[in-house]
Amino acid sequence: MKAFKQKQVWFITGSQDLYGPKVLEQVAKNSEQIVHGFNESSAISIEVVYKPTVKSPREIHAVCQAANSDENCVGVILWMHTFSPAKMWIAGLNELSKPFMHLHTQFNAELPWSEINMNYMNTHQSAHGCREFGFIGTRMRKERKVVVGHWQSSDVQAQIDDWCRAAAGWHESQNLRIARFGDNMRQVAVTEGDKVAAQIQFGYEVHAYSLGELNEAIAAIAEGDVTAQLDRYASEYQVGNELFGDEYQLDRLRKEAKIELGLTQFLTQGGFGAFTNCFENLTGMTGLPGLATQRLMANGFGYGGEGDWKTAAMVRIMKVMGQGRAGGTSFMEDYTYNFGATDQVLGAHMLEVCPSIAAAKPRLEVHRHTIGVRCDVPRLLFTGKAGPAINVSTIDLGNRFRIILNELDTVTPPQDLPNLPVASALWEPRPNLAVAAAAWIHAGGAHHSAYSQAITTDQIVDFAEMAGAELVIIDADTKIREFKNELRQNSVYYGLARGL
C-alpha cells in the first residue's frame, strides 16, 4: 500500500514516429515495465501512472493539459527512451503547470556486448535523447529535477521518492487553507508577512476568524463527546490517577477536550489544513489550547504560535511530505542553550509541540500556564527522540520569501527535566551551534521553525525549487564567510530574476 492514497505521478515517455511501429511497441513495453517496477517498489511512496508514448507536439500538448486538469496528479516524470526532437515539447512545457522530473535512465542496465547492433542503438537512445530534451528545458528556463541512473537502482528510486514527496507537498501548498484566530503577537516582526505574495508564490490561503466564531463551535460540542474524548486520552497516554481523581483537574481536562473537538470541527468543516492562534488573543477562551493543539498536529494539522501562519503552512506541508515515514514533524522554537563541551539547543514552546516526535509514550499532565490567560492547562510532556532532524523557517524579506534550513542531530537529554512543564527536544545543530546560530541570524531565520525527523534536506530543496523560492542550507559544510557571500549573491540573483 502506497503512503499517498489517491495521489499520482504520471510517467510520460517521449519518442517520435521516425522509428516505426516495432520500435515504438518496444518503447511502450519498456515504459510499462518501468512503471510496474516503480509501483512494486516499497521505496516509492506514490502511485506512478503509465501514459502512452508521446510522439508529436499535439500529443505532448494534450498530455500536459490532461496532467494540469487532473486533481490527483501531483507531477510528471518525463523520459526520452529514444530521440524525441525537443521543439516538439515547447508548447507542452509552456502549458505544463505541474512539477516535472526529467528521469535520465535507460531500460537495460548493461550493454549486450556480443549482440548489440544498430537496431539496439536506435531503440535505446536515452543517452542523447535526454540531452536534447535537457537543452529545451534549459532554453525555456524550466525548473525541474534531473535524476540520473538505472531505474532499478535504490539510489535512483530514493531520489524519485524524495521528489514525489516534494511534489505532494507542493500540491498541498496549492490547496492549503490556513485559519488564523487572533493576530500576531504584538510588536513581533518575523511572524508578519505579505499574505497576498505568499498566496501568489506558494498557493496557500490565509483567512482570519474571530474568537467568537471559534467559541461558538466549542460551545456546541456535546458533553457525551467530551466524555468519549477523555477515554481516548486515558488509552493513548500515560495518565496519573490524580488527574482523573481530582475534580478540578478533571474539569480542566474536559474543557480542553471540548476545545479540541470544537477546533477540529471548525477546521474540518472549513477545509483548513493548518491554523494559528495567539496567547494575547484569547477572549472567551478557557485558556490557550495545549493538549488540543498537540493532538491536532498529531492528526496532521499544521500549527503556528503567535499568529505565525508561514510556519503553520510549512508544518502542514512537511507533514504531508512525510506521510508513511518514521519520525514526526512539529512546530518548534529555539528556546534556550546548553553551552558545554558540545553546545546544544533546547527546543520547546509554551505548550504546542507535536507528540509525533516523542521518544516515548507522552505523559498527560495539568500545569499552570503563566503567559496570556493565566490558568491551568492540560498538556503532553515528553522529550524528542534522538536522531537526525531539520529545522525549517520561512521568512518574508519584502521582495521575496526565503526558506532557511538547518540540519540537526537530536540527542537524548543527559538528565531528566522534572520541573519543565512542557514538551521539548534537545539538539546539536550542524556544523555546531556557533556557526549554525550565526548563519541562521545572518539569514534572518525566525525563532519559530518546522522541526522534522521525517523530512530530508533534499526534499526541501525539491520543494523550494518547485516554489521558485530562495533556500539557504546550514549543514556540516557551512562556513560563515562563504554563507554571507551566498546571501549577497542570492540578493542579486533574486532581484534580477524578477525582471528577467
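Cβ coordinates come from backbone N, Cα and C, glycine included.
Bear in mind that the values here come from a model prediction, so they are computed numbers and not experimental data.
Annotation source Swiss-Prot lists Mn(2+) binding site at GLU306, GLU333, HIS349, HIS448. Under the DSSP three-state reduction, GLU306 (Mn(2+) binding site) is assigned to helix.
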Near HIS349 (Mn(2+) binding site), which residues of its own chain have a C-beta under 8 A away, given they sit six or more steps off in sequence? GLY305, PHE331, MET332, GLU333, TYR335, VAL422
Give the number of CB atoms, excluding that of HIS448 (Mn(2+) binding site) itself, located within 10 Å of its CB. 26
Under 8 Å by Cβ from GLU306 (Mn(2+) binding site), same chain, sequence gap 6 or more: ASN184, MET185, VAL188, THR191, THR276, CYS278, PHE279, GLU280, HIS448
Would you identify the secondary structure of GLU333 (Mn(2+) binding site) according to DSSP, in three states? strand
Reduce the DSSP letter at HIS349 (Mn(2+) binding site) to three states and note it down. coil
Would you count the other C-beta atoms found within 10 angstroms of the C-beta of GLU333 (Mn(2+) binding site) for me? 23
